[in-house]
Amino acid sequence: MGSSFGKLFRISTFGESHGGGVGVIVDGCPPRLKLDLEAIQADLDRRRPGQSRITTPRKEADQVEILSGLLDGVTLGTPIAMVVRNKDQRPQDYKDMEVAFRPSHADATYQVKYGIQARSGGGRASARETIGRVAAGAIARQLLKQANGTEVIAWVKQIHDLEASVDPSSVTPEQVEGNIVRCPDAGMAEQMIQRIEAIGQEGDSCGGVIECVVRKASTGLGMPVFDKLEADLAKAVMSLPATKGFEIGSGFAGTLLKGSAHNDAFLPTQDGTLHTATNYSGGIQGGISNGEPILIRVAFKPTATIRKEQQTINAAGEATTLSAKGRHDPCVLPRAVPMVEAMVSLVLADHLLRQQGQCSLW
């Protein structure tokens with residue numbers, strides 16, 4: 001339970017970090033969608049470990065195998081199964097963690113809930129679970145692009161206390177991929193890289209914020225009350241490992257404004273589409289997209305598994321210390337960028353199909 005997401009465009013992920021592999025089944029993808037298989041692999045390459053000096057040194061090719069649902073690269077409308085085999089496991093690095101709970105990790109809560117857990121590699125709590133999400137999200141992104149020209153672009157907005165200045169209206173994927181931290185602000189990116197390296201050398205970790213914009217989103221996506229678009233986006237990105245906060249549009253800063261300043265005034269347009277003078281709403285009003293860019297921010301905590309010695313307890317509840325071995329990211333944000341893009345794309349693809357099914361018959 002808890003490994004499936006979506007209603008019409010639905011995914012189910014499977015696998016553990018140190019098991020045979022991880023993957024996903026995508027159910028509900030429309031037929032006759034021509035897929036760029038290299039684009040799926042490209043997104044997985046952006047997520048994979050060992051890609052730079054500021055990520056975990058674990059070496060995985062993360063080569064995706066597509067087992068079903070396609071004919072000559074075109075979707076059949078049947079379930080699409082994708083798997084990535086694990087190659088570079090080192091379970092010996094987790095010996096100490098078999099008897100001591102990692103502070104702020106899922107070790108203790110998984111043990112309390114299930115009475116058993118895959119300690120090696122973190123099991124389902126490992127970020128390797130997100131491989132399936134990124135692969136499925138790459139399909140969703142292609143569906144959105146082909147259907148409406150929709151673009152989903154995320155980037156690192158903040159690392160520790162270093163915040164970048166980025167214009168969401170003009171940022172490009174090339175700017176995001178222009179450096180290893182995936183921050184379009186080149187000057188700030190270098191400072192971020194230095195900060196991550198310095199904190200990592202201390203045996204510690206740091207967190208930050210990822211920002212994501214959706215351009216050319218369809219108008220009318222989202223449902224009233226419980227299935228509001230921003231609510232589903234929040235659930236989607238907050239289901240990613242290490243997430244601790246979500247904002248849309250003006251977010252918490254909007255609480256400092258008066259209504260007269262915060263309201264997005266509607267402007268007349270020649271084609272009759274909705275357009276606003278400002279976008280404090282973040283592209284969503286009443287839980288439904290209004291056609292303006294959707295802008296969200298996601299906060300990620302510092303990586304829980306660190307080399308610095310920490311106080312903890314063992315499975316018997318006895319006090320002990322833990323200095324985690326293994327290969328872990330000093331900061332998850334550079335690799336989390338494609339994860340955020342994937343989850344946003346999955347939500348939008350699901351709501352696009354729901355919108356078409358409910359409101360496009362006549």
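We count from 1, first residue shown onward.
Backbone N, Cα and C atoms are what each Cβ position is placed from, and that goes for glycine too.
According to Swiss-Prot, the protein has these features:
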BINDING   R47, R53  NADP(+) binding site
BINDING   R124, A125, S126, G286, K301, P302, T303, A304, T305, R327  FMN binding site
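When the Cα positions of R124, A125, S126, G286, K301, P302, T303, A304, T305, R327 are compared pair by pair, the longest gap among these FMN-binding residues is 44 Å. Within 10 Å of its Cβ, the residue among the binding-site residues R47, R53, R124, K301 with the fewest other Cβ atoms is R53.
Listed in sequence order, E16, S17, P241 are the same-chain residues at least 6 apart in sequence whose CB falls under 8 Å from the CB of S126 (FMN binding site). Of the listed binding-site residues, namely T303, T305, the sparsest CB environment within 10 A is found at T305. A Cα-Cα distance of 16 Å separates T303 (FMN binding site) from R53 (NADP(+) binding site).
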